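Before any comments, here is the structure.
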Amino acid sequence: MEGRRAYGFSAAMSGTFLVSCLLFAAISRHQRGPYMDEAFHVPQAQAYCHGRFLQWDPMITTLPGLYLVSVGAVKPAAWLFGWTGSVVCSVGMLRFINLLFSAGNFYLLYLLQFKIHQKNKAVSDFQRILSTLTLAMFPTLYFFTFLYYTDPGSVFFTLFAYLMCLYGNHKTSALLGFCGFMFRQTNIVWTVFCAGNVVAEKLNEAWKTKLQKKKDGKISSRKGSFSDLFRILQFLVEYLTSAKNLVTLTALTWPYIILVTVFFVFVFINGGIVVGDRSSHEACLHFPQLFYFLSFTVFFSFPHLLTPTKIREFLLSLRKHPVQYSLIAAISLFLIWKFTYVHKYLLADNRHYTFYVWRKVFQRHELVKYVLVPAYIFAGWSFTDTLKSKSIFWILMFFVCLLAVTVPQKLLEFRYFILPFLIYRLNIPFPSLYRQFLELTFYIVVNAVTFYLFLNRTFQWPNSDEMQRFMW
């Protein structure tokens with residue numbers, strides 16, 4: 001980095017880490033023992049710390065990446081600093097691993113924004129740093145920085161894999177993708193996303209060449225009507241059924257192909273994607289999850305998506321294409337009618353925000369889930385509209401990955417939305433400084449409320465002496 005930019009970035013990262021350390025101390029002081037899923041993760045990591053690598057808690061559903069990294073970090077540190085006894089692999093020590101991951105995520109978010117928007121010379125260094133700070137404070141991710149969960153590490157390796165992919169280091173990207181897979185199996189989708197970036201780039205080049213040959217200016221490679229989309233899909237079929245093109249794409253993406261093959265071998269041997277307790281993590285076609293994700297994205301990106309200009313443009317589009325929107329509305333209503341699932345955890349666990357969202361909104365009346373369809377359509381339109389700077393092939397590839405990572409999930413869980421949200425947010429054009437400040441302020445307020453509730457608004461269940469806390 002150069003001079004002033006390096007100082008600015010260092011100040012932002014150091015300041016964020018200092019604030020995180022203070023919050024970490026407060027949370028560790030109030031909640032000394034394992035909480036929620038930590039009750040499974042912490043003992044498992046401690047078993048690995050004592051060399052019992054064959055011991056496994058059947059309630060854990062993810063692979064042991066978090067525990068292996070934790071032992072690999074804590075054990076050398078314990079030897080170096082002479083730590084012994086209970087401090088080694090204690091709850092606080094294990095949680096601190098995620099604080100280190102959060103610092104890594106801050107750096108990766110900055111590098112990704114720099115790489116993705118490198119051609120935009122109008123973006124200042126201050127805007128890049130401010131945007132990085134905002135994403136590093138993204139509430140759903142930032143909260144789990146302070147607990148021993150898989151999310152910070154999962155995000156770290158996935159973002160690192162994406163960065164290496166953008167720089168063309170595909171073997172390194174696939175290796176990092178494997179690390180992400182070891183933290184959470186669904187991260188294999190983002191390995192496909194990395195491969196899709198390569199494929200989308202080649203498709204875009206071929207499409208532009210085809211348009212130049214035909215001298216057809218009526219359709220762009222970025223957006224168009226349904227007839228344009230049909231022509232693009234026709235082109236996709238022609239391109240991907242060519243043996244020569246398939247050989248070229250295979251040569252470019254073979255590291256990712258190997259990793260995806262390993263994934264399918266794992267699924268075959270394991271008898272499914274979930275390890276451990278499968279009864280509560282059954283896959284299904286839960287299409288409304290896409291609508292929940294779009295609503296979640298509008299909520300956390302309202303300075304960019306919920307603006308008067310966006311609303312006017314949406315209403316204009318609605319007036320121009322009533323038939324298409326009517327068809328989309330009909331399909332949405334059908335998907336909600338036939339494919340809405342309510343997980344038992346969603347109804348039973350009043351420690352999570354999703355419990356209150358479902359009870360206060362969706363359980364108000366049976367028709368509420370259908371009444372929200374216009375809002376979902378606006379959210380989908382606004383979401384797609386902010387990506388119009390990307391090629392149509394990138395957008396199609398991203399939506400395929402988005403569907404793959406959200407729809408099979410039966411449980412409405414905001415943590416599942418972290419990675420698709422970050423990848424989306426990284427790829428939209430830089431907003432004005434005013435909107436960036438508004439977004440950052442909103443994140444800080446949401447974080448402040450969340451930590452206040454977690455630390456100070458405790459409660460107890462009638463059949464338990466354990467103190468319960470609100471959380472994402």
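Placement of Cβ uses the backbone N, Cα and C atoms for every residue, glycine included.
Predicted automatically and left uncurated, TrEMBL annotations should be read as such.
Feature annotation from TrEMBL assigns transmembrane segment to 6-27 (among others). Sequence-distant neighbours of the transmembrane segment (6-27) (same chain, 6+ residues past either end, Cβ-Cβ under 8 Å): 95-96, 99, 102-103, 106-107, 110, 125-126, 129, 132-133, 136-137, 145-147, 451, 454-455.
Within its own chain, the transmembrane segment (60-81) has Cβ neighbours under 8 Å at 40-41, 44-45, 48-49, 87-89, 93-94, 97, 100, 148, 150, 153, 157, 179-185, 274-278, 281, counting only residues six or more beyond its boundaries. Annotation comment: TrEMBL describes 60-81 (among others) as transmembrane segment.
Marked as transmembrane segment by TrEMBL: 93-112 (among others). Sequence-remote contacts of a segment are chain residues at least 6 beyond its ends whose Cβ falls under 8 Å from one of its Cβ atoms, and for the transmembrane segment (93-112) they are 9, 13, 16-17, 20-21, 24, 28, 41-42, 45-46, 66, 69-70, 73-74, 87, 128-129, 132-133, 135-136, 141-142, 144-149, 151-153, 155-156, 159-160, 162-163, 166, 422, 426.
Annotation source TrEMBL lists transmembrane segment at 133-150 (among others). Outside the transmembrane segment (133-150) by six or more residues, the chain places 12, 16, 20, 23-24, 27-28, 34-38, 41-42, 45, 62, 65-66, 91, 94-95, 97-99, 101-102, 105-106, 109, 183-184, 300, 414-415, 417-418, 421-422, 425-426, 436, 439-440, 443-444, 446-447, 450-451, 454, 471-472 with a CB less than 8 A from a CB of the stretch.
Marked as transmembrane segment by TrEMBL: 254-275 (among others).
The annotation transmembrane segment is assigned in TrEMBL to 287-305 (among others). With a cut-off of 8 Å between Cβ atoms, the residues of this chain six or more beyond the transmembrane segment (287-305) that come close are 138-139, 332, 335-336, 339-340, 369, 372, 375-376, 379-380, 382-383, 386, 402-403, 406-407, 409, 412, 414, 417, 420-421, 424-425, 428, 431, 435-436, 438-439, 442-443.
Per TrEMBL, the feature transmembrane segment maps to 325-346 (among others).
Per TrEMBL, transmembrane segment is recorded for 367-384 (among others).
If you look up TrEMBL, you'll see 390-407 (among others) marked as transmembrane segment. Listed as Cβ neighbours of the transmembrane segment (390-407) (distance under 8 Å, sequence separation of 6 or more from its ends, same chain) are residues 186, 189-190, 192-193, 196-197, 199-200, 203-204, 207, 221-224, 229, 232, 236, 285-287, 289-290, 292-293, 384, 416-417, 419-420, 423-424, 427.
Residues or ranges marked as transmembrane segment by TrEMBL: 440-459 (among others).
Residues 288, 291, 294-295, 297-298, 305-306, 310-311, 314, 317, 325, 328-329, 332-333, 336-337, 340, 361, 395, 424 of the same chain, all 6+ positions outside the transmembrane segment (367-384), place their C-beta atoms under 8 angstroms from a C-beta of that stretch. Long-range contacts of the transmembrane segment (440-459) within the same chain, counting only residues at least 6 positions beyond its ends with a Cβ under 8 Å from a Cβ of the stretch, are 23, 26-27, 30, 130, 133-134, 137-139, 142-143, 300, 302-303, 467-472.
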